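Worksheet for the structure shown next.
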């Protein structure tokens, strides 16, 4: 039983090596300044639509205070 489990584990590791999994070190660093720019009301037209109470189609489904426009 144990040898079958070992063979199965070996085959799985050969077909899907652990190096194929993304690691946190491979991801770009989170830049707080870029996030602030993304939500700037002057650059994002969604804020103006939200003031009117109307959002474009894909966003109006997930946002409770918006009507679809």
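In case you wondered, yes, glycine gets a Cβ from its N, Cα and C as well.
Marked as disulfide bond by Swiss-Prot on the basis of similarity to another entry: 54-68 (among others).
Taken from Swiss-Prot, the feature disulfide bond applies to 55-66 (among others), supported by similarity to another entry. Around the Cβ of residue 55 (disulfide bond), the number of neighbouring Cβ atoms within 10 Å comes to 19.
Sequence annotations record features per position, and here Swiss-Prot assigns disulfide bond to 60-69 (among others). DSSP gives residue 69 (disulfide bond) a coil state; it is part of no helix or strand.
Residues annotated as signal peptide in Swiss-Prot, with sequence analysis given as evidence: 1-20.
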Please report the distance from the Cα of residue 55 (disulfide bond) to the Cα of residue 69 (disulfide bond), rounded to the nearest angstrom. 6
For the disulfide-bonded residues listed here (66, 69), which one has the lowest count of neighbouring CB atoms within 10 Å of its own CB? 69
